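Chemist: Quick paste from TrEMBL:
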- 77-94: transmembrane segment (TRANSMEM)
- 99-254: domain 'Sodium/calcium exchanger membrane region' (DOMAIN)
- 100-117: transmembrane segment (TRANSMEM)
- 129-151: transmembrane segment (TRANSMEM)
- 163-186: transmembrane segment (TRANSMEM)
- 198-221: transmembrane segment (TRANSMEM)
- 233-252: transmembrane segment (TRANSMEM)
- 288-430: domain 'Sodium/calcium exchanger membrane region' (DOMAIN)
- 289-307: transmembrane segment (TRANSMEM)
- 319-345: transmembrane segment (TRANSMEM)
- 352-379: transmembrane segment (TRANSMEM)
- 385-406: transmembrane segment (TRANSMEM)
- 413-432: transmembrane segment (TRANSMEM)
Amino acid sequence: MSQCNVPALIEPQVEMGSVDEAENKTLFKLEEDAKQTKEASLMEQGSLSPIFPQRITKSPKNSVLKSIKIVILSNKLNLLLPFGPLAILVHYMIDSKGWVFLLSLIGITPLAERLGYATEQLAFYTGPTVGGLLNATFGNVTELIISIFALKNGMIRVVQLTLLGSILSNMLLVLGCAFFCGGLVFHQKDQVFDKGLAVVNSGLLLMAVMGILFPAVLHYTHSEVHAGSSELALSRFSSCIMLIAYAAYLFFQLKSQSSSYSPLEQETNQNEEASDEDEDPEISKWESIIWLSILTAWVSLLSGYLVDAIEGASVSWNIPIAFISVILLPIVGNAAEHAGAIMFAMKDKLDLSLGVAIGSSIQISMFAVPFCVVIGWMMGEQMDLNFQLFETAMLFITVIVVAFFLQEGTSNYFKGLMLILCYLIVAASFFVHEDPQQDGAL
């Protein structure tokens, strides 16, 4: 009798267990469905990437005074801000070109850094890929504004030399300091970055060199079909092609190859989760946009006085205009990139450092340079891509050297030191170089 009842007792227990298991599966499925629905809605709002989940950014609500305190009073470098208004006063009271140039240069330095800060804050609300593009764009806005003012004044050589100097500064000084400082912090190992992405970037830089090299070769070989006009026509055609190539590069970076950035972005997100306090934005999206507008307008104002004083400063200080344009102006304009690239390298985020330094060089060479040629075309200025033989050779050799340093996909403090020393050689070369086109172009 007992033997007959045993299966009868076990059977209900098995049935109860299967019911509980089915209920658990149903609950788990409901939770998964709810999670997927939530992720889908976040993706539609732009808060989540299809590749990896992002932390929802909390937008702070600051008063006007608190926003001013955060942006203006929180950085010691902003102690240099009064030099900007002082430069304007000196311009109208004393009219000493050397002092106006020096004070304007010092006054623009904290503005360039604050532009980088405001862009970084805005990047919290746009995602990492668009944020990187914004960083590169507003990181170069200082040089672009200075170039447009110089172009408006007919100072074509200053435009060419300033943009050239910015490319050289980013590739040698900014990247070199990032490699050097990161190598000192992580001296027991070689830091690693995305080798494939570095090769693509090197190829784009070589394409930019090709666009700048051919008009110079055409000029110095005296092989133009129409003397004086073929060189300009080639420059304008090449500029349009370079702008198309840069647009294709942006599409490639933002859409087609977004999956190649997922390991980097996942690592970044893990770091964000580990240090939420450090990674939360300090100002809201609209505050960032307003501050970007204010800072850009102030940089534009000071750039006008800076460009007007370049010639006078060169005469009073007995320094070649080429040295001022290639070395001094880009160092100030690249202040934000310099600080950012070093900071990322010291956190062992070499891909971000390369994105700042090499990405900025690509944007200047593939966008800013051809853009100035097109703008000069619209203004009636004969801005071309013939940067002269000395400058073109300097750019070509620099791109080759940097491409060799990037081909292994690793970095250390020795590579950084070599890049810095290369930049010192470039600076010394421009200090003793007399620009043959200086008198005619200015």
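Just so it is clear, glycine is given a Cβ too, placed from its N, Cα and C backbone atoms.
Keep in mind that TrEMBL annotations are predicted by a computer and have not been checked by a curator.
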Chemist: For the transmembrane segment (385-406), give me same-chain residues lying six or more residues beyond its boundaries with a C-beta closer than 8 angstroms to one of its C-beta atoms, as numbers and ranges.
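Modeler: Result: 160-161, 164, 167-168, 171-172, 175, 195, 198-199, 201-202, 205-206, 208-209, 211-216, 218-220, 231, 234-235, 238-239, 326, 354, 358, 369-370, 373, 415, 418-419, 422, 426, 429, 433, 435-437.
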Chemist: Could you give the residue numbers and ranges of same-chain residues that sit at least 6 residues beyond the transmembrane segment (352-379) on either side and whose C-beta is under 8 angstroms from one of its C-beta atoms?
Modeler: 132, 135-137, 139-140, 143-144, 147-148, 151-152, 156, 159, 163, 166-167, 170-171, 174-175, 178-179, 182, 193-194, 197-198, 201, 204-205, 207-209, 211-212, 235-236, 238-240, 242-243, 245-246, 249, 264, 268, 334, 337, 340-342, 344-345, 385, 402, 406
Chemist: Considering only Cβ pairs within less than 8 angstroms, which of the stretches 198-221, 289-307, 413-432 has the most against the transmembrane segment (163-186)?
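Modeler: Answer is 413-432, with the largest number of Cβ pairs below 8 Å.
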Chemist: Take the transmembrane segment (198-221) and find every residue of the same chain, 6 or more past its ends, with a Cβ under 8 Å from one of its Cβ atoms.
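Modeler: Sequence-remote neighbours of the transmembrane segment (198-221) are 171, 230-231, 234-235, 238-239, 241-242, 245, 249, 354, 358-359, 361-362, 365-366, 369-370, 384-389, 392, 395-396, 399, 402-403, 406-407, 409.
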Chemist: Using a Cβ distance cut-off of under 8 Å, indicate which of 77-94, 100-117, 413-432 has the most pairs with the transmembrane segment (289-307).
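Modeler: Ranking 77-94, 100-117, 413-432 by Cβ pairs under 8 Å to the transmembrane segment (289-307) puts 100-117 first.
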Chemist: Count the residues of the domain 'Sodium/calcium exchanger membrane region' (288-430) that DSSP assigns to helix (H, G, I), to strand (E, B) and to coil, and report the three numbers in that order.
Modeler: 120 helix, 2 strand, 21 coil
